[in-house]
Structure formats: structure tokens, C-alpha cells
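According to Swiss-Prot, the protein carries these features:
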type    : residues            : note
BINDING : ASP8, TYR83         : trans-zeatin 1 binding site
BINDING : PRO32, VAL35, ILE38 : Ca(2+) binding site
BINDING : GLU60               : trans-zeatin 2 binding site
BINDING : HIS69, TYR81        : trans-zeatin 3 binding site
Amino acid sequence: MGIFTFEDESTTTVAPARLYKALVKDADTIIPKAVEAIQSVEIVEGNGGPGTIKKLTLIEGGETKYVLHKIEAIDEANFGYNYSIVGGIGLPDTIEKISFETKLFEGANGGSIGKVTIKIETKGDAQPNEEEGKAAKARGDAFFKAIENYLIAHPEY
């Protein structure tokens, strides 16, 4: 098994507390409203804290698919949220687990800087596929942008 680590950073004009609330605390209701492809987010195991498994149901290419997302850690005081993809379409056959360590920081003019460390654990001697990595980054960037756009369009939230 190999472990490969990647880091990424995004910026937004949305304040960290507001963004964190949408991405973590109210994710089950905000994400389906903000991200067109995601139809629902539901808890399948747990109480919403670490260890909880959520099922994100989405439409991709006209088909209904899902991703299983396990909450690893929540640090509300420091705007931290760690989770893993543990099942569904988010895991290619060569990947055992994909973990995300995310944190929001104060950015310029009251905005936010979002930092994420992604750890990919492969099965056996498999290497991560560069195209899969690029596609995953593009999905992550589009997700972040969709939440940002929703919050900008809904200042009352």
C-alpha cells in the first residue's frame, strides 16, 4: 500500500464562520441546494460527530450514484473538518481510502482561505492515476465554488 499526499488552497470573499457553517454544520441541507448534481445528503450511521458516515446521492451522466463520506474529526473553534471517502463512486478500484484534512483561515477583506491536505491510500503496489487526481481536484474546486456562489447569492444565510 502506498500513501500519496497532495495539498491545495482556495480563496473566497465569504467569511470563515459563514463558510464553515454551510460546509460543516448545515451541510446536509445546504449542499443539495448549492451543488446541482447532489440530490441529497443523509446520515447512514452515527450522530453527526466523528465516526458518522454520510451518503451523498448524486446524478452523474444521467445515472444515480453515491459517495460514502466518513467524518474523522471536527474542530469548530479552528474551522477544521477532516473526512474520508470510504465507498461509492469516489473510490476507484486501486484506492483503499481518500482522506481530506480541511481548515479555513481568515483571508483578505473578511474572506476565507481554505486549505486542504488530501491523502490517497492505494491498494497493493498501485500508484495514483494522474488523471483521476486532476479530475478529483476539479470536482473539489467546483464544489467549493458552488458553495461560495450559493452563499453570495443568499446573503441572508
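A Cβ is built for glycine as well, from the same backbone N, Cα and C atoms used for every other residue.
A strand conformation is recorded for HIS69 (trans-zeatin 3 binding site) in the three-state DSSP classification.
For the binding-site residues shown (VAL35, GLU60), fewest C-beta neighbours within 10 angstroms: GLU60. VAL35 (Ca(2+) binding site) carries neither a helix nor a strand DSSP state and counts as coil.
The closest partner of TYR81 (trans-zeatin 3 binding site) among the binding-site residues, by CA position, is ASP8; the full candidate set was ASP8, PRO32, VAL35, ILE38, GLU60. GLU60 (trans-zeatin 2 binding site) and VAL35 (Ca(2+) binding site) are 12 Å apart (CA-CA, integer value). Counting only same-chain residues six or more apart in sequence, the Cβ atoms lying under 8 angstroms from the Cβ of ILE38 (Ca(2+) binding site) belong to ILE31, PRO32, LEU56, THR57, LEU58.
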